[in-house]
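J.: Features from TrEMBL:
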- 1-111: domain 'HotDog ACOT-type' (DOMAIN)
- 9: active site (ACT_SITE)
- 167-281: domain 'HotDog ACOT-type' (DOMAIN)
- 198: active site (ACT_SITE)
- 294-325: region 'Disordered' (REGION)
- 296-306: compositional bias 'Basic and acidic residues' (COMPBIAS)
């Protein structure tokens, strides 16, 4: 579809959350189709996890986004989907790859939302494809478990914070989940949640830099629990790390299901977003150094630095491998 002004920021760059929402919609369609192809019981595919997603090239107002999805692996109860996003300048015909993403879905019964159904297997052209897919499945399963275990943090309001501190830029958004946000099962679309998370992360980045900012990448997004229609969700974001040209922002979503069932607030989704600062000409700008004050902030900064260096080393290795080929 064509990108409209309400899809973009004030500089004309399409929001990362808009692209993430389109990616999730494509994944949900192909997963639900596949899971119902041989099923005796109708189901809807629910998003469980999004692997790291890099924003390879910015998309602008007036360009056409083409999103394509392919199922690359199936386990007994989950589906792996690879999604590519291309942008097209309809005036010149120029096309470019903007995003590549990997998503995991599980099929939930329409009759019983707590029942996970079995997934029809796919045919692999090579035995190696199945082995590689199984390896990716085991890795994401382990990472999801580790992430859920460290999800106890909350964000507290800081009175009169100093500029460039964590408290100065931290932000929260409160949203009442309505019918238009939900799937046929009455639970929030993963794409809706990711769009709200990107919005909060963008506010944190803009507050820190006071410049135009764009999404550069999103670390693994883990959907720990479903969010039901009628819940009030709080999307919170805080700066965890800055390099010379990028910012890492931790975002998590907490749900209050106070309408239908008396249950305490719970952590539903968590992820790390990376942003870059741009000039009016669209060129990268230096990022102000994050000032850490507490021991927890210093610990999170070092953890973010470790993720940054690991990603940088992986990218350099990929570039060297591509050059050798």
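Even glycines carry a Cβ here, placed using N, Cα and C.
Because TrEMBL annotations are produced automatically, they should be read as predictions rather than curated entries.
For each listed feature, how buried is it and what is near it?
T.: Mean model confidence of the domain 'HotDog ACOT-type' (1-111) amounts to 95 (pLDDT, 0 to 100 scale).
Contacts of residue 9 (active site) defined by a Cβ separation under 8 A and a same-chain sequence distance of 6+ are given as 15, 202, 212, 213, 214, in order along the sequence.
The 10 Å shell around the Cβ of residue 198 (active site) contains 26 further Cβ atoms across the protein chains shown.
Counting same-chain residues at least six beyond the ends of the region 'Disordered' (294-325), those with a Cβ under 8 angstroms from any Cβ of the stretch are 52, 166, 217, 219, 240-241, 243, 246, 248, 250, 272.
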